[in-house]
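Taken straight from TrEMBL:
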type	residues	note
SIGNAL	1-18	signal peptide
COMPBIAS	26-35	compositional bias 'Basic and acidic residues'
REGION	26-68	region 'Disordered'
COMPBIAS	39-52	compositional bias 'Acidic residues'
COMPBIAS	53-62	compositional bias 'Low complexity'
DOMAIN	102-286	domain 'DH'
DOMAIN	318-430	domain 'PH'
DOMAIN	441-502	domain 'SH3'
């Protein structure tokens, strides 16, 4: 049973990773839709359970051990490990249990997707980075910012793929791949952190080059039109490493869900997942750190303190939410709906550890008149107060800038804006469907069917096929959710997803989520105490 890297890559007839990934996630969505419409989650067939990102090709008859060609051609249908002619003719499908076949599919997907990813990286380097016309236009420093350490990333991918390929050569039934993932994540994948951390500067440099250098814009447009690029943009190639490291973690999660419990393969998958999660978090932090530092400096310049000055810039501080709210004039006892100026504008800057309350003044400046540590904030919603007091809530500062308790009655522009402020100001308060400390409750779930890019700090960017618990929702079309695979929380438009209605599927999703994160000791302790309750 043998194949080699060059032959494998020759078989990748036009499937770039961007297309590849899109096919996989869209088929995952369709699979979940089918499962959601069924009574029993196990009713779906193996071919529906685990979509492969591979399209195999048949090989000539030979007395030598069969070669697996991972892709047939770009026009053929999406196929699975079990559809390969070599697997069909081996008789192994009649021996393996259905769960083992599903596991083989999951491991096969990881290997073939790495091959497609490597192909796309290779195109980024050979077609764009090494283009002679582009080299003449770009200053070396500009090229460095634009392409960063992509050569290191590609070298790591090639080494990883070679080891995966060697494992596939060993037996027609793949023994494991997560041990290889673990070793490469620990020893080599730090190159992803370097690349992704440069993303903020990379995006800025690309926009600036498009704006300032017509020759650059022209060459990039011409290169994008080349049939090799399959109609994909240059920027879609630049973002590949970040997409891949995130997707690799999800592929290991998929394997983890299918290995037998308390087995060596489960232990290896848990170790690989834990290391990948560390790399992904470091990538995210790298991107955030770059943009947060600039944002904090900008905010500091806009603030003028009417009270004792509070130092805003800190390496451990970042912005969670900012915006205008209406503050009710006068004490609660003097409320009157006949007052024309019932509310006046105030502006809030909410950081992860601090709230600053301001009024906007001329010159794009803000005058600070109160502040409080975020941990000393409490919120309370007002209900049934009439139209004039709709979307109003009470914000209490247990200890404000004057070391005393203060209350503000605030009005938001909409129900969603009110709820978003309340959850940001007091993140531990109970939400509509489930408290933050009780994830075992069967709460609504949603799967993402349209990608979404967060527009504000309290929003959550979504990828196709993400599954989330719905923690809260508003009547004007917003959902506050927690993504199952990484526990990230945030708001997003409800139109981005489809609710999962089958309670068995929701329970299965939660069970898989807890299994994936079982290596986290604190998570295990929480789970045990809730089960006892």
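Cβ coordinates come from backbone N, Cα and C, glycine included.
From a predicted model like this one, the values you see are computed outputs, not experimental measurements.
Remark: secondary structure over the domain 'PH' (318-430) totals 20 helix, 53 strand, 40 coil, with classes taken from DSSP. Across the domain 'SH3' (441-502), the DSSP tally of helix, strand and coil residues reads 3 helix, 29 strand, 30 coil. Each residue in the compositional bias 'Basic and acidic residues' (26-35) gets a DSSP state, and the totals come to 10 helix, 0 strand, 0 coil.
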